[in-house]
Structure formats: structure tokens, C-alpha cells
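Scroll down for the structure; my scribbles are underneath it.
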Amino acid sequence: MSTVNNKNSSEKIKKKNLTNKIKDVSEPEIIIEEGKKDNTTENRGEWNSTLQFILTCVGFAVGLGNIWRFPSVAYENGGAAFLIPYLICSITLGLPVLILEMALGQSLNSGPATAYGKIVPMMKGLGWGMICCSTFLSTFYAVVISWIFYYIVKLITGGFSDIVTCDNSWNTIFCFSIVEELKCKNESFPDINYIFFNDTCLEIPKNMTPSIFREITYEDNNLDPSRILSAAEEYFYRSMLQQESDFINNILKPNWKLFLCYTAVYIIVVLIVWKVFFIYGLTLDGSSIGIRYYLLEPDFSKLLSAKTWKAAATQLCFSLSVGIGGILSLSSYNDKHHNFYKDALIIVFADGFMSVFGGVTVFSILGFMAKQLGQEINEVVKSGTSLAFIAYPEAASLTTFSTIFSLLFFIMLFLLGVSTQVCIMSSLSTGLYDQFESLRKHKEKLSFLAAIVTYIAGFLMTFKSGKFLFEIFNQFSASFNLLGLIGLECITITYIYGIKNFQRDIREMLGKPTNWFMKIFGPSGHYFAFCLMIIVPILTLILSIYEIVATITNELVYGSGDYIIVIPPGLTILGWVIGIIPLLFVFGAALTDIIKRKISGKGVIGTLKPNSKHSSIHLYEPPFLVRKLEEFIEK
């Protein structure tokens, strides 16, 4: 990692531990003896400063998940109703698991590939399951970044008008353009309104609203008004994606421009590993409709839907990047006594703020579009995944410096996406050289190899039927598998390793809580212990079962209207493979470890106890579950 400095002197480590450690007479200190080296710290390195760590974690967590994915998931799950389970999940799932992973990485100075094996050898596959999950995520994440890069190139080359007008070769008679209608009005008397239909400006009668007149015009021409699409949406599907509805006959037809953008994104990511819309949107006519839908008009019936809670939980995990090993990897480079609790609070607040902020911006623009089209908010855009690529260009088209505003927005999205992608690639590399220490001198080669693997896995998503594959990866990469990994993670730490052992490790790093508030809500307090032991395992189990049942019983359909995608059975099987593989790492590694111990004559119970590489092994006390299992085996 480029942001860490190697510590070469064990004497410096001892001095730092002695000066920073909070004294506790009831618990012995762990001090590196003179002349001995902490090989993990020496080889892995450490952050230069707290600020570097916080900014990197925020850059990892705050990304496309907030600006692109959060509004789209909220759009598909009832707007304001989605915010309630999202907030509840943030407090009961997101923050506790974030603290768990930061504490684990910092305590063990290990990435996910080796951290779980140190505390519970049988669960060493848990880390590799997380790395596998993050690899699948990075595959389709890179495709979204390539879409953004495509827009940046289009804007730089002066093609903004192609995105927001209806006079292009790919546009249909159902195209709706705010820009074209403003041109009609500007070329005539200012007090007369027009709609733009079939390359013609039609005057709106004084006793009619634009939306009603538009609907009548389409019906008079034997056209279905529900098929009306904004120019930006037609550009997204018909020009950039060149989306085809027949998967089999178009899967090998490349979309060369998008393919080149996808390749460029990976080149940029590898190189990096190596060495005003908010306020303007609120001023638009009809923006209040979108704000009410998003913040003030919750459909409380959605709260009774497991689908909404599942969407909130998976979006939160996706956004905070918990359960995929990235935060754990970054925390493993911290000083042993770094206050990660404050960092966790900052990350959760920044992530939540940016999610709500991005949602307000998008929904204010959707409200404006809904009023112009005479449609409900949930009918304006056909698919949530295209939301940001439609709403922002439409808003920018009404500004004086539309190209500049659009360009700045997509550059921001690009930087957010690349920062997250770089961290995911680094997490994969960290896992490999933590597991195989001989590879540490080949970090650059590992990063390049990781990029090549995910590049090959995702390049078909840039083809004309690529949206089918994209939706499969989007659906299954962070679904029941991610929730299952998080549930198993909490069970491993709290029941098998022992919540008291884990709390002791935290207190060794941060000291004992000094007041009642920290005793309850601190990182080693009762609240987080309750969440990790009870709430998170139960919540993830229920939502995982729901997701599995819903996926089995329901046809996988995405989008609507002319751009609907129905996933064929063969691709559904691919989705199940993507979903199950991370979990197979966990159970496969556990079974392998048990068999090896049986063959070698070692006690099976040893696979549930920390190994010799755990720095606090001499303080370990077997928890209730392990003691009872040991008693049962001895009988």
C-alpha cells in the first residue's frame, strides 16, 4: 500500500506501545520484548497519519453507492418509506459491524484472508468469502464507472446536446425533450407554451396543462403515452448501452465505444494502485413533488415488506463496504492503539449524509420531470440503475453552462467510483500476500493480476446484451451471500471466539470505558455487544431466507416498457453460482480444517480456539459454547 510506512525497528514499536498504552492493572500489557520483531507490523506497514486512514475509509465507503445506487434503491422501494429501515439498519447493523471489522483488523494487523483464521481457525474461509464477494462487486462496479467515463468523453467532445435532445438517429417518436420545448417557446411569443412532438412544436391550448395536452396528442396519433421517455433516458439505453432485448443473439456483439471506456477505467485503476446540483435542483418547478415523495410522504405499508428491509440492509452493507473485507484490510495498517471508534462514527455519518443528500438532489429533479410529463414519480424513469444518468443531465440542460455542470458532476462520480474500486483491488491484493507472505515483494504484480481477473470477468457487460449480465451481478453479488457472511462473522466473533475476549481486545487497544455512556454505547459497551450477538445474526438470517425464497419463486425482471429485461434460466443459474461461491469458501474451509485435524490426530476442538499467531492468545478464555462442546467431546 502506498500510504503506509514500514517500521523496521522493534525498539520503536516497544517505545510506542509503552507511551501510548492506557494502563490497566487488572489486565496485563502485551509488550514486544527487546530484540524480538513484530513481523506482521514490520512487513505490512502502518498509516502515516490518522487523517490518511479516515480519508481513505471515507473515500472507500462514500462512493457510487451514495450518489448512484442509494437513490435508485430508494426509488424502487417507496422513497420516504425506505429511509426508515435504512436508518434503523444503520444503527443496529451498519455501525456495529463496521466497529467489529475495524477492531478486528487493527487488533490482529491482518487482512480478511488471515484474520479470522487467527481467532477461529475453522472460520478462516470467512475472509476469503468476503474477498470473493468484493471481487464480484468490483466486476459490475467497474462497468458503472465505464458508463460514467463514457459520459465524460461525450461531454468533453461537445456532445451534450445529443444527450438531451430528440433529433438524433437513435431517438424514437416517444422522445421527450425539455430543451426542445424551451426552444419552441423562445422562438415564439413568451406567453404561449408548446410541446415538442415528432420534430414539431405544437401550441398548447390555454385551458390545458402541458401534460394533459401531451397525452391527448399521443392518443390521437394511436401512440401509448406510457411509453414516453426523456431524451436522456433514450440516450442511455439506445445510444450508450445499445441495449438489445434478445440476450442469446447479441451477447457476442461488442459495443466498441463502451468496451474501450471499460478498458480505460481498468488502466486508470491499475496506475493508481501502483503509485452545485443540489441547490439548483431545489429551484426547479415541481421539485417539491419529488421532495415530498422522498422525505414527507412515506408509504408505511412498505415497512411491512421484507423486500424493503432487505434492500435497506444490503444497500447499507454495499455503501459502508462492510462484509467484503475492505474496511478490515484498511484497519489492519493502523497503530495498535488508534481510536477507530471515532473513525467509525465519522464514516457512518458521512455515508448517511451523502446518501440522503444525493437522494434529495435526484428526487427534486424527478419531481420536475414528473410534473412536465404528467406522471407519478415512480413512473418517470423505467429503471433505477439509470437514474443518475438521466436526472442530472436533464437538470443541467436547463442551466446556462449545461456542459460544464454535467462534466463536473460526472467527473465527481468518476473519482468516487475509482476511489472505491482502488480500495477493492487493494483488498484483494492484501488478502493474497497476507495468505502467502512470499508474495509481498510482488505487490504491483498482484494488483495487476487482480485487475486482469476482474477485467476478464466483466468485459462482456459492455456488449449489446451486457445489461443482462450487469443486472445478474448487481442482484447476486451483494445479496443473501453478503448478509450471510455478516451473520457468520458476528457469530464467529461473539459466540465462538467469545464476546468477552473481543471486548477485552478492544479495551487493550482503547482502554476501559470511563463513564456510563461509553460503558453502554462505547466500542466495548453493552449496546454493540447486544447488536452483534442478537440483532445482526437474527436480522441477516431472516433477510437471507427471504431473499433466497423470493429469488426462487419470482421471475427476474428488471426495468419496464420498451427496455424491460427478463433474465433467461441459464443466466439465473449463473446468478446462483455468484451468490453461493462466497459461502462455499466458508463451509469448505471449515470442513477441510476439521478433516485435516482428524487425520493428524489433533483434537477437533482446537479449530475453534485462537492459534499461536494471535497476539492475545495468553489472555484467551474459552466462551460458554466452546466449553460445552469441549465437555461433550470429552464424554
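Easy rule for this one: first residue shown is 1, then count along the chain.
The backbone N, Cα and C atoms fix where each Cβ goes, glycine too.
TrEMBL entries are annotated by machine, without manual review.
It should be emphasised that the depicted structure is a prediction, and the values quoted were computed from it without experimental measurement.
Reviewing C166, C184, the cysteine that TrEMBL connects to C175 via a disulfide bond turns out to be C166. Most Cβ pairs under 8 A with the transmembrane segment (312-333) among the ranges 80-105, 125-153, 345-370, 404-425, 573-592 are made by 80-105. Note: the CA-CA distance between C166 (disulfide bond) and L416 (Na(+) binding site) rounds to 31 Å.
Long-range contacts of the transmembrane segment (446-466) within the same chain: residues 135, 138-140, 142-143, 146, 241-244, 246-248, 250-255, 258-259, 261-263, 266, 269-270, 273-274, 425-426, 428-429, 432-433, 439, 473, each at least 6 residues beyond the stretch ends and with a Cβ under 8 Å from a Cβ of the stretch. Taking residue pairs at least 6 apart in sequence, the transmembrane segment (345-370) and the transmembrane segment (478-499) share fewer than three C-beta contacts under 8 angstroms. Of the listed recorded positions, namely A61, C166, C175, L416, the sparsest CB environment within 10 A is found at L416.
By the Cβ criterion (under 8 Å, sequence separation of 6 or more), the transmembrane segment (345-370) is not in contact with the transmembrane segment (527-553), since fewer than 3 such pairs are found. Geometry remark: S319 (Na(+) binding site) versus C175 (disulfide bond), CA distance 34 Å.
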